[in-house]
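Peer 1: TrEMBL lists these features:
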{"type": "REGION", "residues": "1-22", "note": "region 'Disordered'"}
{"type": "TRANSMEM", "residues": "33-56", "note": "transmembrane segment"}
{"type": "TRANSMEM", "residues": "62-84", "note": "transmembrane segment"}
{"type": "TRANSMEM", "residues": "183-204", "note": "transmembrane segment"}
{"type": "TRANSMEM", "residues": "224-245", "note": "transmembrane segment"}
{"type": "TRANSMEM", "residues": "266-286", "note": "transmembrane segment"}
{"type": "TRANSMEM", "residues": "313-339", "note": "transmembrane segment"}
{"type": "TRANSMEM", "residues": "351-372", "note": "transmembrane segment"}
{"type": "TRANSMEM", "residues": "398-417", "note": "transmembrane segment"}
Amino acid sequence: LSFGSAGVKASLPSHGADQFDERDPKEAMQMSNFFNCLFLGLCIGGAVSLTFNVYIENNNGWVWGFGISTAAIVFGTIIFALGLPLYRIHVARITNGIMEILQVYVAAIRNRNLPFPANPSQLYEIDKDKEAAVEIEYQPHTDIYRFLDKAAIQRNSDVEAENQKTPNPWKLCRVTQVENAKIILSMLPIFCCSIIMTLCLAQLQTFSIQQGSTMNTRIAKHFHIPPASIPIFPVVFLIIFVPFYDRICVPFLSRFTGISTGITHLQRIGVGLILSSLSMAVAAIIEVKRKGVARDNNMLDAFPVLQPLPLSIFWLSFQYFLFSIADMFTYVGLLEFFYSEAPKSLKSTSTCFLWCAMAVGYFLSSILVKIVNRATKNITASGGWLAGNNINRNHLNLFYWLLSILSLINFFVYLVVSKRYKYRPQHSAVTGGR
């Protein structure tokens, strides 16, 4: 399952984005619409899985549930295959983009003692005339991370080798290759800032179910929401908000900003990060209210589910309301940012950065819980803010406040990082071609 999911999540966004030409303003805007639609599709799929599929499994068994899931995958594969004659298929590169980045660092270390040339134009680059028959990307030189420029400094032996054959890429790299390495290095702080948000999401998903198990789950006279289905709240909100943002907010914002996507990718990510901090604060306030109801009704030690609190589970929708909007801004913004900013050789790999950030966030979430419990075990009766089986006796509200503060600090760090980030030229010179 993990291999299959990794293949789809890594390939689908970049394959869809490859169908659009970034050099065409109209298609560039359509590419942004595609990322929004992709996110909407993921939400609709999640909604079906959390409702229809769960209902089938509960009433007809797991065999039916897995069977429907398998049929859906087969159907999706057939639909994808029918479009093969229409797709823009990019020719695979002979060289490996990740290996090219690694070559820059190795060459820079090898050339660390060489002096910088007086003029950056003396750094090594392929002659455009010599490569006229081949499609080659060219990036202009920039002054950031100058230590990497060492990789493009030519020795006398390199100049002699260049006249005879292609120089050893582990000793001498093109300026464009160096600039691509700089781009990836510049993107890493943005990548790191996105981890905290996933960490918050993991905690929200986990503890909201525990909170919901103590609350009144009744919707109608004979219908209850299972606490495990609480994640349907943000999915429903997203199904509503994503089309609204894509069709109404983006055109409206474009009139004022002149940007086809309404706001820049980094601005979109920043909006999501600050909203995630606010959602954690709201979660803390809701938890204070929930514990207050339990205390006022002498139900701090009540058995969950059998003795629900006189408080509707829909109170948890407030925190999910804010976090779902944060999701829409940040995750789609990250997909667009990583794809549009990545070097041409790494575009198909760039969207994986988002999923990697999410994976790291989920791993760190469990580590954070252990750290918090260890740090607070001597100041709480339960042996830690989150220790013990009785959530009414824990200090989940304080933990949510901690997450809110961490998210706020992360947001301010992001402001500094994003302010220093320089967008790469979107129309890099490309020569040759067939």
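Keep in mind that glycine also has a Cβ here, set from the backbone N, Cα and C atoms.
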Peer 1: Please spell out the DSSP helix, strand and coil residue counts for the region 'Disordered' (1-22).
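Peer 2: Tallied per class, the region 'Disordered' (1-22) gives 16 helix, 0 strand, 6 coil.
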Peer 1: Can you tell me which parts of the same chain pack against the transmembrane segment (351-372), counting only residues 6+ beyond its ends and a CB-CB cutoff under 8 A?
Peer 2: 6, 9-10, 13-14, 17, 187, 191-192, 194-199, 201-203, 206, 331, 334-335, 338-339, 384-386, 399, 402
Peer 1: Under 8 angstroms, Cβ to Cβ: which one of 33-56, 62-84, 183-204, 224-245 has the largest number of such pairs with the transmembrane segment (398-417)?
Peer 2: 183-204
Peer 1: Contact between the transmembrane segment (33-56) and the transmembrane segment (183-204) is defined here as three or more C-beta pairs under 8 Å separated by at least 6 residues; is that satisfied?
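Peer 2: No, the transmembrane segment (183-204) does not contact the transmembrane segment (33-56).
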Peer 1: Checking distant contacts: for the transmembrane segment (224-245), what same-chain residues at least six beyond its ends satisfy Cβ-Cβ under 8 A?
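Peer 2: Long-range Cβ neighbours of the transmembrane segment (224-245): 36, 39-40, 43-44, 46-47, 50-51, 54, 205, 208-210, 212-213, 217-218, 313, 316-317, 320-321, 323-325, 327-328.
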Peer 1: How about the transmembrane segment (313-339) and the transmembrane segment (62-84): do they have 3 or more C-beta pairs under 8 A, pairs 6 or more apart in sequence?
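Peer 2: These two segments do not touch.
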